[in-house]
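These notes concern the structure reproduced below.
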């Protein structure tokens, strides 16, 4: 059925295989997801800390991370042999990942790591919309109910008085919402690249997507007079850590552990990234956040979880029919 194939993704397994672990959560995968989510939560922090432009940090993230993933894939004996038509899908994933990161990095610089990451995770609503329109998937009632909750949370995060918003907030929100759109397209193409015959092995697939993203980012930067110079050794250290930890190690930990956890638990754990990113924004960058802002962040993150769990339930019912 079309619905099952649309769920086949990077490191995903059939729901029945995941659901069998619900009686007792395996400690190893649980710890790997926690560690991976924590590492990736620092991605937006590195973007904020490094003294280079958004396109430059995009390039070095996927370049350093892609090289590390390629070395790991080759060490595991994974090869680049693929079936016909795979390269187009992989390059499409790299293209959307480039747009995703370019928009997200700009959102971070405008509105900070916390809000930018929460906005990017609104991709759950975009994915559901695309699934309904393109793949004729069912949209769950819970996801429909979660959407106004997410919008209300965003409203509280921004502050009720829109006219008094700091300069750059509106562009930052727009870039954040574009991140959600491009990230949803990236997820769909990445799943497709792992759901067809003759696909690349998992880590090699992500290595090629990462390096393809570096290629697209590098080509695009040449048309906008972007410098790839790294100003200081400290900035170089931040960029290497960004690529290795967030694009490399963090992704490997998540992709290897998520299929071994119950779907509901996995969805809940994936909220580690936006939650911690918001906390780091407050602790490290003194983000002004009052009680209403905290309430708004909690509402938005809860809405994301409701949307994820609702779509999982709807798709399970469809598959089991």
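From the backbone N, Cα and C atoms, a Cβ is placed for every residue, glycine too.
Note: TrEMBL annotation is automatic and uncurated.
Feature list (source: TrEMBL):
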DOMAIN    33-158  domain 'EamA'
DOMAIN    171-306  domain 'EamA'
TRANSMEM  30-52  transmembrane segment
TRANSMEM  58-75  transmembrane segment
TRANSMEM  82-99  transmembrane segment
TRANSMEM  111-134  transmembrane segment
TRANSMEM  141-158  transmembrane segment
TRANSMEM  170-190  transmembrane segment
TRANSMEM  202-224  transmembrane segment
TRANSMEM  236-254  transmembrane segment
TRANSMEM  261-283  transmembrane segment
TRANSMEM  289-308  transmembrane segment
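Simply put, out of 30-52, 82-99, 141-158, 202-224, 289-308, 30-52 has the most Cβ pairs sitting under 8 Å from the transmembrane segment (261-283). Remote same-chain partners of the transmembrane segment (30-52), defined as residues 6 or more beyond its termini with a Cβ less than 8 Å from a stretch Cβ, comprise 60-61, 104-105, 108-109, 112-114, 116-117, 227, 229-232, 235, 238-239, 241-242, 245-246, 249-254, 256-258, 261, 265-266, 269-270, 272-277, 280-281, 284-285. Fewer than three CB pairs closer than 8 A are found between the transmembrane segment (289-308) and the transmembrane segment (58-75), and contact between the two stretches is not assigned (pairs 6 or more residues apart). For the transmembrane segment (170-190), the list of distant contacts is 6, 9-10, 89, 92-93, 96-97, 99-100, 103-104, 106-107, 109-111, 115-116, 118-123, 125-127, 130, 154, 158, 205, 209: same-chain residues at least six beyond its ends, Cβ to Cβ under 8 Å. Across the domain 'EamA' (33-158), the prediction's mean pLDDT works out to 94.
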